[in-house]
Amino acid sequence: MSHRTHGKLFTGEGSNDTSSLAIESFHDTRRAHTCSISSAKTLTTNDVQPVIIGDKKTQKQIRQENFQDFLMYFQRWKNLKVLLGVSLCWFLMDIAFYGTNLNQALILSSMGFAPEDEAPWDTLFKQAVGNLILSGLGAFPGYIVSVLLIEKMGRKPIQYLGFIMVGIWFIILGAAWHPLQEASVAAFVVIFALAQFFFNFGPNTTTFVLPAEVFPTRHRAKAHGIASASGKLGAIVATFAFNALADVGGPEGERHFLPYVLIIFGILMLICIFFTTWIPETKGKSLEEFENYEK
């Protein structure tokens, strides 16, 4: 600013010009602010609401389209057999898994490891010891080995191996029940622990992993939910059917048919080998590779 201008401002000269400029600037600012508010109101009433309504409609349409796409996707046998494969394997596996694990104490007592004709404390203590042995020598190591080898061996080889070994061990336990009972209860416990080992180094791990990998993202949650629900259905069947089957052909509570129940479980495990062939291997594949898997 020049000295002349300073002088005018100091002496009051040019104050009218300055006042006019300030007033004009104030009006410009007010007009701009008013226009902004007006624009905002116009946007809110005319533009924002239709966008929100449109989003709601779009979300509904997306859900409908996803469901239709889900049905169309699994109308193809190539895709449906994968869903059936993981679901049936999980269903049959849980029948045998929960049928034996929920009734481990009864199986040990029937074999003679924890006789029920002893004092209640002695029976319960031996059942607890037996469960610890089966978990410590079978179930827990099986999980550890699965974690260590699942990326090296692949999911399907572990599942095949598990179904084969559990099937064989259960059939042996059922067929040799009475000879083992007379000769060596310890041998029965060891074989039973091996079956538990291959449950967990096998289908009890892979039936959960595979459904999380073999489906495209847009259907993965629904498909995994169906497979998981199938497994829980198998657990329910095992819970209610085990004791009823075990008592067939004899007095209630004697579990006369128990050896044959183990044989049935073994056969179910071998049947699962066939259903495993319907499932693709996911080792070394990214999830993106299944996005375009037979759309």
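Glycine residues also receive a Cβ, built from the backbone N, Cα and C atoms like all the rest.
Listed in TrEMBL for this protein:
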DOMAIN    1-283  domain 'Major facilitator superfamily (MFS) profile'
TRANSMEM  82-100  transmembrane segment
TRANSMEM  128-150  transmembrane segment
TRANSMEM  157-177  transmembrane segment
TRANSMEM  183-202  transmembrane segment
TRANSMEM  223-245  transmembrane segment
TRANSMEM  257-279  transmembrane segment
Restricting to the same chain and to residues at least six past its boundaries, which positions have a Cβ under 8 Å from a Cβ of the transmembrane segment (183-202)? 93, 97, 100-101, 107-108, 111-113, 130, 133-135, 137-143, 145-146, 149, 158-159, 161-163, 165-166, 169-170, 172-173
Restricting to the same chain and to residues at least six past its boundaries, which positions have a Cβ under 8 Å from a Cβ of the transmembrane segment (257-279)? 81-82, 84-86, 88-89, 92-93, 95-96, 99-100, 107, 110, 156, 159-160, 163-164, 166-171, 173-175, 177-178, 203, 210, 214, 242, 245-250
So what pLDDT does the domain 'Major facilitator superfamily (MFS) profile' (1-283) average out to? 82
